[in-house]
Amino acid sequence: MTFELLATDGKARRGRLTFPRGVVETPAFMPVGTYGTVKGMLPRDIEAIGAQIILGNTFHLWLRPGTEVIRRHGDLHDFMQWHGPILTDSGGFQVFSLGALRKIREEGVYFASPVDGAKVFMGPEESMRVQRDLGSDVVMIFDECTPYPADEEVARRSMELSLRWAGRSKIAHEGNPAALFGIVQGGMHEDLRLRSLDGLEEIGFDGLAIGGLSVGEPKEEMIRVLDFLPPRLPADKPRYLMGVGKPEDLVEGVRRGIDMFDCVMPTRNARNGHLFVDSGVLKIRNAVHRHDESPLDPACDCHTCKHFSRAYLHHLDKCGEMLGSMLNTIHNLRHYQRLMTGLREAIQQGKLAAFVDTFYARRGLPVPPLT
């Protein structure tokens, strides 16, 4: 993987990631394909909405169907028939989400499989092996996601454990041509975030992610970390904000120098009838749309908006038809990709401030301050 920084506008960055399997223009949003599928989307649909890279879930694919099944097809790209780049998370966040079902030790994490209840172990070496078997283009280190809230002592112990696991991940990754990203932890504590960053830079990674956000903290806390941390990340490496978020969060992340994002929100919200439009959120199951012949968003060029009315999408939602979720997902993911395209063009032209002003004006919201 190579990363080129092509333009800046304030803290915002316009870049390009180049992989053997394709080019990713940044800032970029990665649709989430947890089980080897972006829910409701054929691979050709993912390509059609403009996605250049997707995210796969190491933890879930390891448990089911298992890497031995996937490897018989070649790798995850062959298994799911997506031939662009894939970033795989390490499984650390999913283990974190198990709560009382897992026990964290120095060697790794012991837990009961959510698939069949079997006792399972995953550590840095296992995570790196699974991601190698998946043929990931970007591999994430195995880490512990610091919970929120966490006092300084809890956050410190978690961060230091993640640093030790980062070193083991780097060693276990040797010989794998894929890019390896470190993950900055430390909770909401700036001094711990800096210590994590220093430790990761000493180990050496191809890119750095910000973890431990979007885990229940107030929006103000997330923004505080994003005001503080990205300017301190190395300028010559991609910066990835994990698990975030709403369109507004993407805009605020880009304004602060983030290059890569992922989140289940556009696909999950699509299945619940919450659709993103330039003016905000449209709830398609509301009765007001029953006779509405207009498209979801006249400004959108997705297949859904070009061919179907709000009334039809409302009807599908009320009937529980799977086509409704599919069309909604196409629209939401295209909305996110259109947003990223607009951000890239604005940075390239030195017009990000005007883009941000228009973005918030359409939503009837004030522009948040940028420190």
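Backbone N, Cα and C define each Cβ position, glycine as well.
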Of the candidates H189, H274, H289, H331, the one that Swiss-Prot places in the Zn(2+) site of C300, C302, C305
H331
Please find, within the list 152-158, 243-249, 362-368, the residue stretch that Swiss-Prot describes as region 'RNA binding'.
243-249
Given the ranges 12-16, 122-126, 267-271, which one is assigned the annotation region 'RNA binding' in Swiss-Prot?
267-271
Listed by Swiss-Prot with D89, S90, G91, G92, F93, D143, Q185 as binding substrate, from among G66, G117, G212, is G212
In the same chain, which residue numbers or ranges, 6 or more beyond the ends of the region 'RNA binding' (267-271), come under 8 angstroms Cβ to Cβ?
31-32, 38-40, 281, 325, 328-329, 331-333
Model confidence over the region 'RNA binding' (267-271) (mean pLDDT, whole number)
99
Restricting to the same chain and to residues at least six past its boundaries, which positions have a Cβ under 8 Å from a Cβ of the region 'RNA binding' (243-249)?
93, 213-215, 222, 261-263, 265, 276, 335-336, 339, 359, 363, 365
The region 'RNA binding' (267-271) - residue tally per DSSP class, helix then strand then coil
5 helix, 0 strand, 0 coil
Kindly report the helix/strand/coil residue split of the region 'RNA binding' (243-249) according to DSSP, in that order.
3 helix, 0 strand, 4 coil
CB neighbours of D89 (active site, proton acceptor) within 10 A?
31
Sparsest Cβ environment (other Cβ within 10 Å) among binding-site residues C300, C302, C305 belongs to C300
